[in-house]
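Down below is the structure, laid out as structure tokens.
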Amino acid sequence: MTVSRFAVSPRRIRRPDAYWLLVAPALVLIAAFYLLPLLGILQLSVREFDGEGEASVLGNYALLFSDAGIQRMLWRTVRVCAITTVLTVGFGYVLAYAMVTVGTRQRAVLLSAVLLTFWLSVLIRAFAWTILLGTGGPAETVVNALVRPFVALGAVDAPVRLIRTEAGVVIGMVHAMLPYAVLPLFANMRGIDRGLVLAARGLGATRWGAFRRVWMPLSMPGVIAALILIFVFSLGFYVTPALLGGGKVVMVAEYVRISLEQTLRWGLAAMLASTMLIATLALALLMGRVVDVRTMAGAK
Amino acid sequence: MSKPANHLPPRASFERGGAKRVMVDRRSVLAGMASLAALPAGRAMAEAREIVLVNWGGDAIGYFGEAFAEPYEAEHGVDVVIDGSGPSQGKIRNMVESGAVTWDVCDSGGGSSIQLGSGGYLREVDYSVVDRDRLLPGMDFRWGVANYMYSFVLAYDTRAFGGDGAPRGWADFFNVRDFPGTRALLKDVLANLEVALMGAGIPRDEVYPITPAKEKLAWETIRAILPDTVFAGTGAEIQQLMRNRDIVMGCFWNTRVKAIHEETGGLWDWTWNQGVVVPGAWVVPKGNPAGDAVWPFIASMQSPERQVRLFTLFGNAPANPQAAALVPPALKRFNATDPENYARQLPIDSAWYGENYARINKDYIDTISM
């Protein structure tokens, strides 16, 4: 044991240099094609002021605090993304749990169902939802049959519309995001030693108690990773809100597109993009504090 | 995309071995990258005898080719290439700023020509070659020439409102009590401000000038029907809304309405009353590769015959007033610039949009998004 350890350690010292040489071309490429344009965007966000009034260095960023329209749009984005994230991870957790507990054949069926949606284009899925959620479509019929008692009580306006509403956008986004939640959760849960749950049961824990006190804490890193991953992905969503939102659910990605393509407010677009970037970085930092990123990424 | 950047024939690379082969490979890849980087400049030099016309794609590529490109090629021996990638303001600005302009003539709009032109991205129109007399009044812009006209019209489902019950103007469109059902507007402010003002009861000839009070009134008018309104982004979406009967009426481009009118055998109809007429405009990006060769080409597209050809193919109304007389009588009711139809509509104030579009479109988006 001791001998082999000594034999390994000198090599360990030399290794990093060789690794850096291998990684260097990729780093240079990233710097040239990713970081430089990114800096350009940041620069554009302070250089070009598009609002009304006095131009100042942070004029575009001041709009975040002064422009009610932009504030409402950002809150809508955060709200829709938060609801989507919670629902997606909730469904994803159940699905991933089912996948680790069922037999091999059922697991293959579940996995292929998840992967199938993963491989389909977001555009096609959004269009499929416009048919499913459409006026007089199957989803609307079912939902309206379910809420009929509440309509009688006056609690719900009839008939309930799904397409071109925020609810429709959330449904479409949850569906699009589900694989991104299931796959990391599944990977995480497969790593959990199920013998621990059996041991807890053997020591007298109830089924629910063993799940709550052993399984849930062990699966938490996966849940938190999935929450942050889904939230960050949702922030950039464009196609689904544009198609299912009926033009009324304008989120930040579409706002940026309009500013870039139509109204030529590039400074505003760059500011919003930079704000999203900063928010994402902050979330990543937060994730680093809550969970061990290296464990999650499989580096340890 | 389809071909990897490896210029070595397979046999040569097989004969060379080890490190040397890697060197040659890398050199050829570098050479390939260099030629890629030089591509825009190289193309501009080599294709000075070619004019690139950019429109919004789809069927329009073939129709513009037939109406404008083919006759010009036959007359002048200049190649006209139609590129359907959509010359949005953002793309034109990006192209000019990056100094790699590959477009010559772009299918833009009156307001956009002013917005882009005052930003320094367009060439001023040479009216010594382009003919002002072949344009409707006010459609000769400093950085753009009206190429065709289209209208935002009130389209309605005759199954919902037939005969005498049909909506006659924008006041009916905004009246959800007497004309119940979902209606649709476009996601872009263009013409919707005017539509809302006429909907609020302002007569057609008093819509302009736009004042802050009128802007406020327009947003209030739109806000009042928000629960009954959906907003469409693309032409395909418009047609789907009408085809599926998701809506009972809408304010749409007359060309799309015409397509659904014909498809449904007249079940969808429209009125020219209070329609808002908008010019499409040719614009030329600064530093365009074909140079001044664009002006005679744009002048050739003012020909009444060619404009009528495009109209019969695609429904875009002629910008040249002399063309209306050449339109076959059966098609006159589809022509937005037919004198009889034109008189019932409001020509849009492109200059105002050129100055205010960014601000007003933002206000509109803020109004329509919940």
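Heads up, the Cβ atoms here are built off N, Cα and C, so glycines get one too.
Per TrEMBL, these features apply:
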- A:20-42: transmembrane segment (TRANSMEM)
- A:73-96: transmembrane segment (TRANSMEM)
- A:74-287: domain 'ABC transmembrane type-1' (DOMAIN)
- A:108-132: transmembrane segment (TRANSMEM)
- A:167-187: transmembrane segment (TRANSMEM)
- A:222-244: transmembrane segment (TRANSMEM)
- A:264-286: transmembrane segment (TRANSMEM)
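Taking residue pairs at least 6 apart in sequence, the transmembrane segment (A:264-286) and the transmembrane segment (A:20-42) share three or more C-beta contacts under 8 angstroms. When each of A:108-132, A:167-187, A:222-244 is scored by its Cβ pairs under 8 Å to the transmembrane segment (A:73-96), the top-ranked stretch turns out to be A:167-187. Long-range contacts of the transmembrane segment (A:108-132) within the same chain, counting only residues at least 6 positions beyond its ends with a Cβ under 8 Å from a Cβ of the stretch, are 95, 98-99, 102, 138-139, 163, 168, 171-172, 175-176, 178-179, 182-183, 186, 239-240, 243-244. Sequence-distant contacts of the transmembrane segment (A:167-187), counting only residues of its own chain at least 6 positions beyond either end whose CB sits under 8 Å from a CB of the stretch, comprise 80, 83-85, 87-89, 91-93, 95-96, 99-100, 111, 114-115, 117-118, 122, 125-126, 129, 133, 139, 219, 222-223, 225-226, 229-230, 233-234, 237, 240-241, 243-246, 249, 296.
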